Amino acid sequence: MDFEQLKQDVIAYSKTIGIDKIGFASASPFEELKQRLIQQQQLNYQSGFEEPDIEKRTNPQLLLSGAKSIIAIALAYPSKLKNAPLSKRGERRGIFCRASWGQDYHLVLRDRLQKLEAYLIEKLPDIEVKSMVDTGELSDRAVSERAGIGWSGKNCSIITPEFGSYVYLGEMITNVPFPPDQPIEDQCGSCTKCIDICPTGALIQGGQLDSKKCIAFLTQTKGFLPEEYRDKIGNRIYGCDTCQTVCPKNKGMDFHNHPEMEPDPELVKPLLTPLLTISNRDFKEKYGIMSGSWRGKKPLQRNAILALAHFKEASAIPDLIGVMKDDPRPVLRGTAAWALGKIGGDGVGEAIEKAMQREKDEEVLHEMNRGLELLAQKKE
C-alpha cells in the first residue's frame, strides 16, 4: 500500500467534510510531555479534570495496541460576535468564552472524526482506530504540535499560522503507518503579552499553566470561589479568553466556517439577573446545547452573582436578597450575601442580618459576616 498516497487522499477527503486543518504524527511515546506532566503533578498545577494516569496520557500504545500514527484535526471557530447586545445599567450581561459558542464542540469534532473513521475503514477494512476530543487520554496540544497543526504558545494553546489559536482539536490513533508531518517552529519569540495580562497569574514562563489559578477552570468549579479570585472573574460566566484576545497572532482572526459554531448573541452574552432563578428545564432547553453547560447551572449562577457584584448593580439587590434568603444551595446563598456586601445600599445590612438569624450553614454564615464587613468598610 502506498501510504503517502493514502495520506493525500485523507487530506483531500478531510476538506470535503469540514475539517480546516489536518496533520499526521508518529504514535511514539510523548517523553517530553511525560516529564512536564510529572513536574505539573509535583507542583500541584493540575485541575483534576485531566486523565490521572500519566502513562496513558503519554503512550498511545496503551490506548491502541499496534498504534503507528496519529491523525490530528483542527476546526476554526468564530472570535467575533455579530450584533452583540449591550450590557448597561439595569440590564447587565455576562459572557461565555468563545469555546462555548454554538453547539458543543465535542459533538462537532466527534462527527468529523466519525466520518474520517468511516472513510478509512472503507479504504482499509482491517484498520484499527481510536478517536478522542478534549476529554480523551492524550494531550490534544501535544499531538497537534507533533503533527504540525501549530506550535504550543505561551498561552498554553496551539497557535496555527492560518487561524491563530481559535481552533478546536481532536485526534485519531491508528495502526496505519502514515508518513508524519513536521512540527511548526515556535513563533512566540520574546512576546509575553499573555503572561503579563493573565488576571490571576496562572500562565508561567515556559508554557506552563497553574490550572487551579486559571479563570477558565475557576468558573467551572462548584464550590465557593476563593475571595482572592472573585473580583478577577469580572463578568465571565464560563471560561476566559484573555490570553487569546491579547495574542498578536490572533489579530484579525475570525472564522465562520461551520454553521454549528455560530453563536446566539443572547445565549453567549446573557442577561445576568434572569440566570439567578432559571429553572432546570429552562436551563437545559436554553443552554444545554453549549459546552459551557456541562457542569450544570450552579457554577454559572454563582458566576452571575459575582458578575453583578463586579458591576455593583443596584437593581439586582432584590433578586440577590431573594437568593440569599431562599435558594436551597449554600454556595449561592453565601455568594449572594458577599455580593450584597460589595454592592451596598439601603437596607442591605438589615437583610443580611435577618437572613443570618435562620441560616444554619457555617460557610454561608461566614459569607454573610464577610458581607457585613464589606458594608462596614464602605462607611469608613
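Backbone N, Cα and C define each Cβ position, glycine as well.
According to Swiss-Prot, the feature active site, proton donor maps to Asp134, an assignment based on sequence analysis. According to Swiss-Prot, the feature domain '4Fe-4S ferredoxin-type 1' maps to 179-208. Swiss-Prot lists Cys188, Cys191, Cys194, Cys247 with the feature [4Fe-4S] cluster 1 binding site. Annotation comment: Swiss-Prot describes Cys198, Cys214, Cys240, Cys243 as [4Fe-4S] cluster 2 binding site, evidence class sequence analysis. The domain '4Fe-4S ferredoxin-type 2' annotation in Swiss-Prot covers 226-258.
Structural mapping of features recorded in Swiss-Prot.
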| residue | record | contacts (Cβ under 8 Å, 6+ apart) |
| --- | --- | --- |
| Asp134 | active site, proton donor | Tyr105, His106, Leu109, Asp140, Tyr168, Leu169, Gly170 |
| Cys188 | [4Fe-4S] cluster 1 binding site | Trp151, Gly153, Lys154, Ile159, Lys249 |
| Cys191 | [4Fe-4S] cluster 1 binding site | Lys154, Pro248 |
| Cys194 | [4Fe-4S] cluster 1 binding site | Gly153, Lys154, Asn155, Leu203, Thr242, Cys243, Gln244, Val246, Cys247 |
| Cys198 | [4Fe-4S] cluster 2 binding site | Thr242, Cys243 |
| Cys214 | [4Fe-4S] cluster 2 binding site | Ser47, Thr200, Ala202, Cys240 |
Short question: which residues 6 or more past the ends of the domain '4Fe-4S ferredoxin-type 2' (226-258) have a Cβ under 8 Å from it?
18, 20, 75-80, 87, 92-100, 102, 108, 153, 155-157, 159, 163-166, 187-188, 191, 193-194, 197-200, 203, 213-216, 218-220, 270, 272, 275, 292, 299-300, 303-304, 306-307, 309-311, 338, 370
Which residues, in sequence order, are found in the same chain with Cβ within 8 Å of the centroid defined by the Cβ atoms of Cys188, Cys191, Cys194, Cys247 at the [4Fe-4S] cluster 1 site, excluding those residues themselves?
Gly153, Lys154, Asn155, Ile159, Thr192, Lys193, Ile195, Cys243, Val246, Pro248, Lys249
Other same-chain residues whose Cβ falls within 8 Å of the Cβ centroid of Cys198, Cys214, Cys240, Cys243, the recorded [4Fe-4S] cluster 2 site, in sequence order:
Asn155, Cys194, Pro199, Thr200, Ala202, Leu203, Ile215, Ala216, Thr242
I'd like the per-state residue tally for the domain '4Fe-4S ferredoxin-type 2' (226-258) from DSSP, helix first, then strand, then coil.
11 helix, 3 strand, 19 coil
